[in-house]
Amino acid sequence: MGLNDSSPGAMRNGRGLSDQWAESVVVRPRTTERHITVHKRLVLGFALSILTLIIVTAVAVVLSVRFEECGGREGVPGEAGTRGPGGSAKLNGSRGERTGERGDEEGAQPWRSSRLPGSVRPRHYDLRLAVYMDNFTFSGEVSIELECINATRFIVLHADRLEVDRVSVTAEGGASGRPANRPGGGVMRVHRHFPYPANQMYVVVLHRELKPMRVYRLNVSFDAAIEDELLGFFRSSYTLQRERRYLAVTQFSPIHARKAFPCFDEPVYKATFSLTLRHDPQYTSLSNMPVESSSLSDEDGWVTNHFARTPRMSTYYLAWAVCNFTYRETQTDGGVTIRLYARPDAISSGAGDYALHITKRLLGFYEDYFKVQYSLPKLDLLAVPKHPYAAMENWGLSVFVEQKILLDAEVSSSSYQMELTMVVVHEICHQWFGDLVTPVWWEDVWLKEGFAHFFEYVGTDFLFPKWNMEKQRFLTDVLHEVMLLDGLSSSHPISQEVEQATDIDRVFDWIAYKKGAALIRMLANVMGQPLFQKGLNDYLLSHMYSNAARDDLWSKLSQAMHSEGRDINIGEMMDRWTLQMGYPVVTISKNQSEQLPTHYITVSQEHFLYGEEVRKNNSLQWQVPLTVAAGNASAASLARLLWINNRTETHMMGPMDDNTWLLGNINQTGYFRVNYDLQNWKLLIQQLHSNPQIISVGNRAGLIDDAFNLARAGYLPQGVPLQLIGYLPEEMSFLPWHAASRALYQLDKLLDRTDEYRLFSDYVLKQVASRYHQMGWPTNGPEGSVLQASYQTEELQRELIMLACSFGNKQCHRQAVAYISDWISSNKNRIPPNIRDIVYCTGVSLMDEDVWEFIWMKFHSSNAVSQKKILLEALTCSDNAFLLNRLLNLSLTSDLVPEQDVIDVIIHVGRNPQGRNLAWKYFREKWDILNSRYGEALFMNSKLISGVTEFLNTEKELNELKEFIQSSGVGAGPALPRALEIVEGNVRWHRLHRRQFYQWLRKPPSSALG
């Protein structure tokens, strides 16, 4: 059950949580006064005694003050009056353990624990800020209504990089809010207050204990800078009519609200918020809720906006912005006002209209799907030039980086439109999964991110049913992609312990997003759509405005199943998938024993790992919902669901003969790979060559992905996937081509610096040629407009052009060069938007330096954000080392490249075989700068590290990576160990499999596998 006001023993982490609110802290006892009696006759003795007592008392007072200062200040850098440096927060995991140096000290010094002690909890924040955009500072006052849970003298909360000025505490009354009736208006005497930067905490020490079940008010005034580092309350800028304009916006997830105001910055401390912003009237201010009242000061003309009180929510969903943007708006049938705020020129050009339109439709879709109304009166979408992530789902004020929400229909490709659509769908889903119901703690962040990522595909299917996202693109873009990561021994369970600040960064990875989405999709298919929706509705209604853990979700989904008489324990099944790392490879074969007839099959499971040497002694097992069908040249049977719980099992399938093939994981709804005996692979390949339509499009894509990855990991001979894709000239659908393209791309980067590379590229071109020539290039209509084809046709055409140009098809090269030459000579871009990135990159790689300079110039002059991104990436395609070096240096040392794009520049240079060594060298030389700039932002560092290293594949590069990790790898989290495993795997593949791979290409057998 989720935490609510009356249940301190709520569930966390899917387990019992008896220590949710910490036990009473130890308070030092007071000394008793001593009564001294003297005899009237001993006047002299009395006088001497008084003198002695005065001396002893004075010494005792001095010693006690010194003792208290030492006891409180021991190991506490940056006491009151100093600004604590911004150390990284040290947050405890799911068990709430104390992490102090000695147990007896811990009770008296709760700020030494990495988690808040829980003795008090916030009920409401009254936050008032004055924002000074002229010098990028702000000052604030926060008044926090607190409920005391356990008696304590300490109020411990979070603050980071804040200059705290004044602190006061008052007693408000009982938990019902009755006022305190005591002298001094209930003012509590503050003994002292100080920052504890090691845990990003601020400590208020009182003279008297706070009493349980009583309400108090903590008042803090503070000052801080509006930072330039994309976290907390940060600033950004843009240029309008050659004038630089500034804005300031918040990014609090996961632990950065503490950079903007003192708060209880852990997800479980939900409270309501009343925000007031005061600023120069030339700016507009926005927050989660609408403006309730606004006033102008007679003294300085500044505006003060009071925003309506929020619902109960976690600190990291509070948001505000101060900007001079304009907006477009619409309204839902239910009366919710939706506005999109952006640069005035972007709004006037209509670049925000598309996102505004689909947001209106999506609010209605989610309300209908979840059967829970959107909770706020408005939803603002804010497009900012600079942001650390694609977007952030602040409740009622979602913030997007411009290129993920602004769409220029004339120059944007369909793939850009698709990506933008899915980002918006993702963030709107978070208004329910995240904002309304929030994970108790960061170890279950997949509860919100996995659902939002899954619904990217479901929601996009609602908007564009013909795109067929959930049944098709989900397979290649989510399932296949995350299985690459989760097949490493350096992977981790989707629910994992979170103890340090670096651990919080670690849980925001593709395992949480993509594996979370894949497991939810598998579960939805096992349950069936109606029961899945019923379970989600119960989950949201039970935990709205509160927190939940994974067991709360399993409980509601199990109840939905039981309501229809289906006795499946969802928690028992899913714990295997969420608490264990990785996934199984399920091997299916016809039973060969003489004791059993041929209509039995044998099914086994083992942990799939790319490294053959790490597979020994692996005992992991899963409850696998395996769907199996049998087929032959003319038809396939209906799928049967088998539950595989053991290492090896035998199941009855029905009559089969020597020509019957078996196919597992129908439509790839399960999160596992499927392998077969070599004879079954041979039959499946024959089927694909003779009549591929017998096998569903999802399974054709799945067979390609499984075959390539099983071969890469050593489960299959290298020739099997190569022979399998020999059917592609007959393939009419986009998805199998896309799966093949992704697998071939991985191989291309492994082989692109080898002597025999042409053997591989020629084989790929042989498969591509006929379909490429048949599909051709997009057709231009009158006045250069591109004639629209269906989405699937457009995507297949684009995939074939990309493969043809990338692997060296001469006709493709000529066409790309002709398009670029026409653009340069006419200064009119007639290149179809859907293939501009391919044409730009091909042109830059084949043509001279003047073309590079032309693209560089267009990058600077373009106002369309979608265009700027692909122009910048095209510059990384050059074969000229001087130009690549110039681009690398400009990206980091000038304002010419947007800050969030620097990482993409380095990664794309590294993907260029001519630039791989340059990017790898540049990354190592500039690591300190890159780490200081991006190290605290989720995803940034791991994206950079994996992007630069994933295609290193020589012994020399492996040794360089090991040396780098040893000398500089501090603070990079799990990204470097993962990079090391991937590079070791690349080197191992060359050592074990490259020879066999090229041997097959030199003389591909017509029918034999191997």
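Heads up, the Cβ atoms here are built off N, Cα and C, so glycines get one too.
Just so you know, TrEMBL annotations never went through curation; they're auto-generated.
Quantities reported herein were computed from a predicted structural model and do not represent experimental measurements.
As annotated by TrEMBL, transmembrane segment applies to 42-63.
The region 'Disordered' annotation in TrEMBL covers 72-117.
Annotation source TrEMBL lists domain 'Aminopeptidase N-like N-terminal' at 122-317.
The domain 'Peptidase M1 membrane alanine aminopeptidase' annotation in TrEMBL covers 354-577.
His426 (Zn(2+) binding site) has a Cβ environment of 25 other Cβ atoms inside 10 Å. TrEMBL lists His426, His430, Glu449 with the feature Zn(2+) binding site.
Annotation source TrEMBL lists active site, proton acceptor at Glu427. Around Glu427 (active site, proton acceptor), a 10 Å sphere centred on its CB holds 26 further CB atoms from the protein chains shown.
What TrEMBL records for 661-981 is domain 'ERAP1-like C-terminal'. Confidence across the domain 'ERAP1-like C-terminal' (661-981), taken as the mean pLDDT and rounded to a whole number, stands at 92.
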Validating a neighbour-count step here. Other CB atoms within 10 A of the CB of Glu449 (Zn(2+) binding site): how many?
25
If you count the other CB atoms within 10 A of the CB of His430 (Zn(2+) binding site), including all protein chains displayed, you should get 22
Other residues near the Zn(2+) site, CB within 8 A of the CB centroid of His426, His430, Glu449?
Glu393, Glu427, Cys429, Phe433, Gly434, Lys448, Phe451, Ala452, His453, Phe455, Glu456, Tyr513
